[in-house]
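Asks: Take this structure first; my questions come after.
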Amino acid sequence: MARFVIEGGKPLEGEIDINGAKNAVLPILAGTVLAEGQSVISRVPNLRDVRVMKEVLTLLGSKVEDKPGKMIIDTKDVDSCEIPQELMQKMRASVFLMGPLVARFGQVEISQPGGCSIGSRPIDLHLKGLEALGVEFTEDENSLKGKADELKGAEIHLDFPSVGATENIMMAATKAKGLTKIYNAAREPEIVDLQNFLNKLGANIKGAGTDVIKIKGVEKLHAIDYRVIPDRIEAGTFLIGAAITGGQVIAKDLIPVHIESILAKLSETGVKVETIDDKVRVTGVEDWQGVQLKTLPYPGFPTDMQPQFMTFLSIAEGRSVITETIFDNRLQHAKELNKMGANIEVNNSSAIVNGVAKLSGTRVEASDLRAGAALILAGLSAEGKTKVDNIYHIDRGYENIEDKLTKLGANIIRVK
Ligand SMILES: CC(=O)N[C@H]1[C@@H](OP(=O)(O)OP(=O)(O)OC[C@H]2O[C@@H](n3ccc(=O)[nH]c3=O)[C@H](O)[C@@H]2O)O[C@H](CO)[C@@H](O)[C@@H]1O
Ligand SMILES: C=C(OP(=O)(O)O)C(=O)O
């Protein structure tokens with residue numbers, strides 16, 4: 001299996017273009033099924049998850065053509081509502097097809113996506129929301145079938161502002177009769193992007209970005225062209241790369257307001273952060289301070305940046321406390337960082353990070369996507385050679401991360 005080998009100690013210097021957001025493009029690609037015809041989605045990152053989404057769309061009957069940074073999807077001949085277990089297991093985001101398929105065909109068949117290494121990740125809120133719109137679910141050992149003769153608008157109160165549940169309900173409600181209101185909706189930028197995409201398709205949605213989203217059902221949607229927002233997590237990861245190596249990186253073509261909570265935390269540690277229009281420049285400093293950090297739904301600090309920030313804090317001055325409130329098992333990278341000389345104690349959902357002077361390269365294992373990114377950052381700053389195993393997780397969410405880092409001056413190679 002492939003791994004990254006990193007020779008640490010090289011400061012990252014230069015400019016980097018940010019790709020389209022994985023968490024925006026996946027529901028949008030699923031959402032193309034809502035309308036019959038050819039949609040062109042641009043700023044599509046070349047990620048493993050995107051390639052699996054292409055497989056799913058093709059299997060359902062879409063014609064999908066890939067161009068660099070673009071996907072052309074013709075959904076006219078979609079004639080299947082069934083997503084095989086194998087693809088569900090390859091990618092949790094297959095669950096985003098539930099809303100579009102019940103809206104267009106009144107039926108869907110998937111298997112429960114199950115947990116993943118960062119937590120138990122049930123989909124009860126998706127199912128409750130879709131049931132409120134009129135979908136009836138039956139479940140057996142291998143499959144979960146949803147059926148609806150007609151979808152009707154409803155008032156849905158989410159117990160938690162789940163990103164995926166908000167998105168699935170929004171997509172299903174686009175064609176439901178009457179008005180749907182989602183209370184306690186997730187407010188992430190990717191929800192706003194989905195609203196913009198769906199409204200361009202002809203939907204009537206207001207309120208994304210606030211905690212109440214209102215969807216007036218429409219009869220018909222039509223295929224369109226759409227450009228996806230930049231990936232705030234990719235941007236945050238590279239900017240921490242600059243800070244942790246004492247370099248200077250400008251992330252270009254992003255929406256700085258999307259990463260304000262990350263930039264605020266970086267500034268709190270003492271790192272220099274500047275925002276100029278659609279660019280953010282981070283300049284590393286010699287010593288930075290430990291801080292308290294708690295992951296929260298947007299606009300709070302994103303859980304998808306917690307592992308990378310833990311690496312950064314592992315060599316900060318003094319003690320930091322990190323509390324993970326979104327996922328129930330997302331501190332596994334602490335053990336790997338400790339193998340590299342960090343001093344991190346994990347107690348349930350909190351980690352006490354006692355800053356050490358430096359990390360030392362060794363062999364470590366990525367347990368998931370962002371844990372993998374955190375270990376790359378650790379390798380970039382460490383003394384000596386770091387080998388990161390299980391990098392297929394990283395390929396789910398970062399396009400050519402080694403090439404981008406190499407352009408910034410890092411010494412990182414992929415070894416097959
Ligand atoms: C493809 C995508 O967009 N993934 C993002 C999305 O994941 P995802 O949409 O899965 O995240 P959610 O916001 O739904 O999950 C947050 C928490 O709610 C729980 N929950 C969720 C749904 C449900 O029906 N029941 C339930 O209990 C989850 O187990 C988790 O503990 O938002 C997360 C939180 O910002 C990010 O980390 C992921 O990168
Ligand atoms: C947890 C993540 O993604 P997913 O929901 O696709 O697993 C992530 O992007 O960090």
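A Cβ is built for glycine as well, from the same backbone N, Cα and C atoms used for every other residue.
Marked as active site, proton donor by TrEMBL: CYS116. What TrEMBL lists as phosphoenolpyruvate binding site is LYS22, ASN23. What TrEMBL lists as UDP-N-acetyl-alpha-D-glucosamine binding site is ARG92, ARG121, PRO122, ILE123, ASP124, LEU125, ASP304, ILE326. Per TrEMBL, domain 'Enolpyruvate transferase' is recorded for 7-405. Residues or ranges marked as 2-(S-cysteinyl)pyruvic acid O-phosphothioketal in TrEMBL: CYS116.
Describe the structural context of each listed feature in the structure shown, including burial, neighbouring residues and relevant distances.
Replies: Within 10 Å of the C-beta of CYS116 (active site, proton donor) we count 16 further C-beta atoms, all protein chains included. In the three-state DSSP classification, CYS116 (active site, proton donor) falls within a strand.
The 10 Å shell around the Cβ of ASN23 (phosphoenolpyruvate binding site) contains 26 further Cβ atoms across the protein chains shown. In three-state terms derived from DSSP, ASN23 (phosphoenolpyruvate binding site) belongs to a helical segment.
Other Cβ atoms within 10 Å of the Cβ of ILE123 (UDP-N-acetyl-alpha-D-glucosamine binding site), summed over all protein chains shown, number 20.
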Asks: Given a 10 Å Cβ-Cβ cut-off, pick out the one of the binding-site residues LYS22, ARG92, ARG121 that has the most other Cβ atoms nearby.
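Replies: It comes out as LYS22.
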Asks: Tell me, how many other CB atoms lie within 10 A of the CB of ASP304 (UDP-N-acetyl-alpha-D-glucosamine binding site), whichever protein chain they belong to?
Replies: 25
Asks: For the UDP-N-acetyl-alpha-D-glucosamine site as recorded (ARG92, ARG121, PRO122, ILE123, ASP124, LEU125, ASP304, ILE326), determine the largest distance between any two Cα atoms, in Å, rounded to the nearest integer.
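Replies: Farthest-apart Cα atoms in ARG92, ARG121, PRO122, ILE123, ASP124, LEU125, ASP304, ILE326 are separated by 22 Å.
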Asks: For ILE326 (UDP-N-acetyl-alpha-D-glucosamine binding site) and ASN23 (phosphoenolpyruvate binding site), determine the Cα separation and express it in whole Å.
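Replies: Rounded to the nearest whole number, the Cα-Cα distance is 16 Å.
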Asks: With the Cβ under 6 Å from ligand 2 as the test, give me the qualifying entries from the binding-site residues ARG92, ARG121, PRO122, ILE326.
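Replies: ARG92, by Cβ distance under 6 Å.
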Asks: May I ask for the distance between ILE123 (UDP-N-acetyl-alpha-D-glucosamine binding site) and CYS116 (active site, proton donor), taken between their Cα atoms and rounded to an integer number of Å?
Replies: 12
